[in-house]
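Novice: Mind looking over this structure? Questions follow.
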C-alpha cells in the first residue's frame with residue numbers, strides 16, 4: 001500500500017456501516033487513523049458495530065448526532081447510500097470537511113492499476129467479463145471489486161503494482177471521489193435511474209461522468225456510441241474515447257458487424273457463440289472487449305470467456321438444460337424494465353415464472369411482450385393476480401402457485417424440449433423472501449431437484 005503515513009493519527013469519521021463502511025473503518029484503523037464509526041442501527045442489533053468496537057474503534061450507534069462533528073474530524077468517509085441532504089453530511093460540508101466514499105479511500109492507498117466501470121445497466125456483467133478475460137490471459141492479477149459486492153478497500157490491501165483492480169462504481173460512490181483515476185473507464189449506458197437520490201437527471205449524469213474527471217490524454221474512456229447523448233458527453237473527457245456499438249455506429253472500435261464481435265475491424269467470434277443471451281449482453285461483451293484489447297488481451301482468452309461465462313448470478317443466469325429445456329435464473333429482475341430485457345433476450349418459446357411484491361405499479365407494458373415471447377406462465381406472490389391478468393389478456397395459459405419452489409415443476413410440465421424456462425419475477429421479493437438473492441437461491445435448489453428427478457426417470 002502507499003500513502004500510509006497520510007492517515008496515521010488522522011481523526012476520521014466513518015458515517016454508515018454495511019460492507020463498505022466496515023471495510024473502510026478496518027482499513028483506516030490498520031493505517032493508524034483515529035477512527036470513529038457512526039451508524040443508525042442500535043448497538044444491540046448491530047453486529048458490525050460490535051465487532052469494530054472489539055477491534056478497538058470508537059463506535060456511536062442509534063442515530064447520526066450532528067453535534068459529533070464539533071470534534072474537529074479531518075475526514076468523513078460516507079456510506080454511498082447516505083444522501084448529501086443528510087444533516088450530518090450538510091454540516092460536514094459547511095465545516096469544509098473533506099467527504100469521500102470508500103472507493104476513493106481504496107484508490108489513495110492502492111498501488112494497482114484501475115479499470116472503472118459505471119452505467120445504469122450492465123455494470124456487473126461488464127465488470128465480471130473484464131476480470132475474467134484479464135485473468136484468462138494472466139491468471140490471478142485482476143480483482144473485481146466495488147459495487148459488485150466486494151469492497152474495494154478490502155481488495156486494495158492485497159494487490160500490488162502488477163495487479164489490476166476492476167471496479168464497478170455506482171453513481172452514489174462516484175459522488176464521493178476526489179483523486180480516483182482509472183486508466184480505463186467504461187460507461188455502459190445512461191438511462192433514467194435513482195432520480196429520487198440525485199434530484200434530477202442532470203445530477204445523475206454528472207455523477208456518472210465523474211468516472212473520467214481525473215483522466216488524462218494517456219487514458220481511455222469506453223462509451224456506448226449507440227446512444228446519441230454519449231457523443232456530447234465525450235467532449236467532457238480528456239481521455240482517448242473508445243466507442244463501442246451494437247448498431248454499426250460510425251467511429252466505433254468494438255462493434256457487432258454481420259453477427260461478429262469485432263475490434264478495429266478484426267473478427268473475434270460470432271455473437272451467437274456467447275453463452276449469455278440477449279442484445280444487452282452483446283453490448284456488455286463489446287464494452288469488455290474494448291477494455292481488455294487496450295490491455296493487450298488476445299482473442300483466444302476473449303473467446304474462452306464468452307463461450308463459457310453463464311452470467312452473473314441471478315441476472316439472466318444460465319443454470320441447466322433439463323430434457324432439452326434451457327433454464328435461466330433472473331431473480332434480479334425486480335421491476336418491469338428488467339423483466340422486459342429478459343423476455344426480449346430469447347428467440348425460443350418461454351415458460352415464464354413471475355410474481356412478487358405488489359408495489360402498486362402498472363405492469364400493462366408486459367402484455368405485448370408476453371403475447372410475442374411467452375407460451376405459458378406460472379405466477380406466484382402478491383402480484384400473482386396482476387400477472388395472471390397479463391397472461392389472460394395476451395391469450396397465454398396461466399397457472400397460479402405458492403412460490404418459486406412450487407413453480408418449477410409446474411413450469412417443467414407445461415414446457416417442451418427447445419423451450420426456455422425463465423424466472424424473471426418483474427417484482428421485488430419482499431413479500432416472501434428477504435431479498436432477490438434468497439429467491440434466486442430457492443429457484444436454483446428447485447431446478448437442481450427437478451434435474452435429479454428427471455434424470456432418475458421419475459418424470
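Using the three backbone atoms N, Cα and C, a Cβ is placed for every residue, glycine included.
Swiss-Prot feature annotations, pasted as is:
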type	residues	note
BINDING	119, 120, 121, 122, 123, 124, 125	ATP binding site
Novice: Does residue 125 (ATP binding site) have same-chain partners at least 6 apart in sequence with Cβ under 8 Å from its own Cβ, and which are they?
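Specialist: Listed in sequence order, they are 276, 281, 284, 311, 312, 315.
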Novice: Taking each of the binding-site residues 121, 124 in turn and counting other Cβ atoms within 10 Å of its Cβ, which one has the fewest?
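Specialist: Checked 121, 124; of these binding-site residues, fewest Cβ neighbours within 10 Å: 121.
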Novice: Counting across all protein chains shown, how many other Cβ atoms sit within 10 Å of the Cβ of residue 122 (ATP binding site)?
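Specialist: Around the Cβ of residue 122 (ATP binding site), 24 other Cβ atoms lie within 10 Å.
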Novice: By a simple count of other Cβ atoms within 10 Å, which of 119, 120, 123, the binding-site residues in the record, is least packed?
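Specialist: Per-residue Cβ counts within 10 Å for the binding-site residues 119, 120, 123 bottom out at 120.
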Novice: On the three-state reduction of DSSP, what should I expect for residue 119 (ATP binding site)?
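Specialist: SS state of residue 119 (ATP binding site) = coil.
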Novice: Which residues, same chain and not among 119, 120, 121, 122, 123, 124, 125, have a CB within 8 angstroms of the centroid of the CB atoms at the recorded ATP site?
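Specialist: Neighbours found: 117, 126, 188, 189, 284.
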